[in-house]
Amino acid sequence: PTAVFPLSCTVQNYPWGKMGLSSEVAKLVASSDPLVQIQPDQPYAELWMGAHPRGDAIILDNRIPQTTLGQWIADNPACLGAKVKDTFQGHLPFLFKVLSVNTALSIQAHPNKELAAKLHTQFPEHYPDDNHKPEMAIALTPFEGLCGFRPVEEIVSFLQNVPELRALIGEVAAEQLERSGSNDPRGVSAALRVCFTRLMKSEKKFFVDQLNMLVKRISQEVAEGKDTSTSNGDLLLRLHSQYPGDIGCFTIYFLNLVQLEPGEAMFLGANEPHAYLYGDCVECMACSDNTVRAGLTPKFIDVLTLCEMLNYTPAPSSSKIFPAVQSQLDPSIYLYDPPVPDFAVMKIEIPASIKLYLVSAVDSASILLVIQGTAVGTSTAAASEMTLRRGSVVFISANESISLHLSSPEGMLLFRACCLL
């Protein structure tokens, strides 16, 4: 029976996505299917590769009776691998994506399992399921995001250089953070929680006035050719132009700016505050839609829940870069294996000198995405040979492999999402 097959995946046209063919998502889709018309004035934000009900991939093999990957897995749960099937109740535990970010995504955090279950019971219209949602982003182009709380000395420096920020937080909370000593991490976290909560819960009229004053002051300083880095001026003006009057603009003084080069990753565990700002990445996450938002968004925001749940441990931005480990068995593979059971991602870089490459079997269903290069793929579990090119996506059942017969002079770059229990 066929257990390896190509997929046609769902595109999400969220307004924050890059437009037309400036989007990596659009480029991949256009390359994989020449019949697709890319609209130049339409945002191409996300490509969903998986069996999520809101974006279930279509099977591109007319000999398979099921239409979508989700239906096929439901009928063939053994394809997940025995351990994965048992652990995740017969469901594919991850959703694999490509993101093309043009304007900032909302400031958000994802709940842990316990909080997700509670939120889902209390507010099912805002929290659609009871699962946690750890996620990992791997840059395809230079990628930037806000992630986790900055070291306290950086936040204190902003409190001293940005009077509008200090006004919102209040003197008492600001001094509490300034006095908190590095020898008392719990005291630091408590002070940080008070400051951040004061900011996020400040009165709308008051924070809009302060934000306008700040933007005006920084704009004048820029016009006079002054250095505005002590007020994080460039990023403030950029976010304010995208979301004028939004409280999220002030979070840049609390959260790390993380800049990833292609191939670098960040892992976002439960309760880690984050917002992607710009760039293209592949992302893998546990299969959930639970997001607690509090700014840089027109969507439902839940400031109280967010401020309660966050991890208030300060750390430098360099600590947010998640390392890939080169495989001992196959030097073409770099493994990104985060501290959660739901997913792992392999980056496979096949050099131009290799003309035959085996995508080896793992004891888990996996999804393979081609970023660069072309090959013909053959598998004993595939109905026929498959042409793999930029943008191709293939589902590989547990314990099946694919032989790639490379036809491109430049080698290949692939990403493969799986579950390594």
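Every residue, even glycine, has its Cβ placed from backbone N, Cα and C.
Model, not experiment: these values are computed from the prediction.
Under the heading domain 'Phosphomannose isomerase type I catalytic', TrEMBL lists 4-152. If you look up TrEMBL, you'll see GLN108, HIS110, GLU135, HIS274 marked as Zn(2+) binding site. Look at TrEMBL and you will find 168-255 tagged as domain 'Phosphomannose isomerase type I helical insertion'. Annotated active site per TrEMBL: ARG293, in sequence order. Per TrEMBL, domain 'Phosphomannose isomerase type I C-terminal' is recorded for 335-375.
Within the chain, the domain 'Phosphomannose isomerase type I C-terminal' (335-375) has long-range Cβ neighbours (under 8 A, six or more residues past its boundaries) at 7, 28, 49-50, 73, 79-84, 87-88, 92-94, 96, 98, 132, 134, 136, 138, 140, 263, 265, 267, 269, 282, 284-287, 322, 324-327, 387-421. Under 8 Å, Cβ to Cβ, and six or more positions away along its own chain, the residue listed as 'active site' finds SER106, ILE107, GLN108, LYS299, PHE300, ILE301, ASP302, LEU306. In sequence order, ALA109, LYS133, LEU268, GLU272, THR291 are the residues of the same chain, not among GLN108, HIS110, GLU135, HIS274, whose CB sits within 8 A of the CB centroid for the Zn(2+) site. Confidence in the domain 'Phosphomannose isomerase type I helical insertion' (168-255), given as mean pLDDT, stands at 97. Look at the domain 'Phosphomannose isomerase type I helical insertion' (168-255): DSSP puts its residues at 67 helix, 1 strand, 20 coil. Secondary structure counts, DSSP: the domain 'Phosphomannose isomerase type I catalytic' (4-152) has 40 helix, 42 strand, 67 coil.
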